[in-house]
Amino acid sequence: MEIKGESMQKSKFRRICVFCGSSQGKKSSYQDAAVDLGNELVSRNIDLVYGGGSIGLMGLVSQAVHDGGRHVIGIIPKTLMPRELTGETVGEVRAVADMHQRKAEMAKHSDAFIALPGGYGTLEELLEVITWAQLGIHDKPVGLLNVDGYYNSLLSFIDKAVEEGFISPTAREIIVSAPTAKELVKKLEEYAPCHERVATKLCWEMERIGYSSEE
């Protein structure tokens with residue numbers, strides 16, 4: 001699919017990492033949101049970094065970005081390739097040793113993060129990059145595409161943790177959310193870190209988690 005030239009927008013992001021399910025979900029709105037997000041990235045000249053699968057929401061968002069002419073980088077553990085890669089793949093697929101290396105590589109090559117609806121794996125990836133932001137390992141924005149209120153319960157939990165003193169109010173600001181791709185990417189573009197960092201210039205960035213900011 002070709003996006004009309006007049007709709008192209010300038011973005012400060014080169015690549016955005018999208019976390020999402022290897023399932024499509026029961027509602028068509030989840031699938032529509034994945035395609036809409038892919039189209040929104042294309043309209044802003046943003047490339048995609050994702051988990052490398054060709055099934056579920058992963059397959060839909062990657063296909064939309066690829067069809068729009070933007071570059072796609074899929075990062076997938078070797079052990080998951082038989083399960084999550086079916087048929088023809090799109091873009092560049094990089095095989096890594098394990099789930100930990102997958103997350104580190106996805107973060108390294110991205111300027112921002114977006115979570116579509118997903119399950120345990122999506123939540124685990126999302127919470128890790130939020131934690132890295134809280135620790136000062138990166139200051140990249142993290143967004144929830146809250147399709148049909150999918151993440152309302154998670155946001156309520158986080159607000160409860162702030163209320164009970166387990167998450168600081170400034171750390172709560174790490175996460176932004178919106179119901180549509182257009183609104184969410186706009187919020188990510190406008191994001192300015194305001195949380196206090198627990199550590200800066202962590203010497204264990206590469207040694208401990210295998211993550212380093214890409215120039």
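The backbone N, Cα and C atoms fix where each Cβ goes, and this holds for glycine too.
For GLU84, ARG102, LYS103, GLY119, TYR120, GLY121, THR122, LEU123, GLU124, GLU125, THR131, the entry in Swiss-Prot reads substrate binding site, with the evidence type similarity to another entry.
Neighbour list (LYS103 (substrate binding site), Cβ cut-off 8 Å, at least 6 residues apart, same chain): GLU125, GLU128, VAL129. Over all protein chains present, the Cβ of THR122 (substrate binding site) has 20 other Cβ atoms lying within 10 Å.
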